[in-house]
Amino acid sequence: MKKAIFAGIAALLISTPLTAATAFTDAKDAVKYRQAAFQLIRHNMADINEMIKGEVTYDAARVQKRADALVLVTTLPWEAFQVAGTEQGGGDAKADIWKNLDDFLERGEKLAADAGTLQAAAQTGDKNELRKAFGNFARNCKACHDNYKE
Ligand code: HEC
């Protein structure tokens, strides 16, 4: 039994293509992935925004859930900008990204770090803290889009 499992794992390792180090089959697939990640960011952010503005009833547990999600989803898009050929894979990404990849990735890291601050602010239950952290978080979007998104 053990031997069979081992043989199975060995076969899997041998047959695994080199691209298996990423989750993407090709550049187009990577574009789809990062766009899907940005949509998740947008949805989770918009819900917090509406609650802060009072457009929908404020619900601390829901804010927390959204902020927790943002901590994860803001880490997702960046890997999909580093797949071979992805700059030709379509989407709204400007070619400048790959000329300034370090700057671009730093902005991505900052977004994720600010999501962490937002999460911490949500945990305090202090609405002013939340509003401030949300403002800082939201500023990242336009700043990056102005430079790097069509
Ligand atoms: C570091 C740069 C950067 C930051 C920060 C950033 N974005 Fe983007 N965003 C992009 C790029 C580049 C694209 C275009 C991706 C593509 O089409 O391949 C994009 C695309 C999008 C899209 C369109 C996705 C689709 O379906 O085509 C949405 C929505 C979006 N971003 C929302 C946000 C929100 C909300 C934030 C802030 C919370 C944010 N982005 C922060 C760079 C960024």
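Just so you know, glycine gets a Cβ as well, placed from its N, Cα and C.
Residues annotated as signal peptide in TrEMBL: 1-20.
Annotation source TrEMBL lists heme c binding site at CYS141, CYS144, HIS145. Under the DSSP three-state reduction, CYS141 (heme c binding site) is assigned to helix.
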Same-chain residues at least 6 apart in sequence with Cβ under 8 Å of the Cβ of HIS145 (heme c binding site), in sequence order, are none
If you draw a 10 Å sphere around the Cβ of CYS144 (heme c binding site), how many other Cβ atoms fall inside it, taking every protein chain shown into account?
-> 17
For CYS141 (heme c binding site), write down the residues of its own chain that are at least 6 apart in sequence and whose Cβ falls under 8 Å from its Cβ; none is a fine answer.
-> MET45, LEU111
Determine, for the heme c site, the additional residues of the same chain whose CB lies within 8 Å of the mean position of the CB atoms of CYS141, CYS144, HIS145; present them in sequence order.
-> ASN140, LYS142, ALA143, ASP146, ASN147, TYR148, LYS149
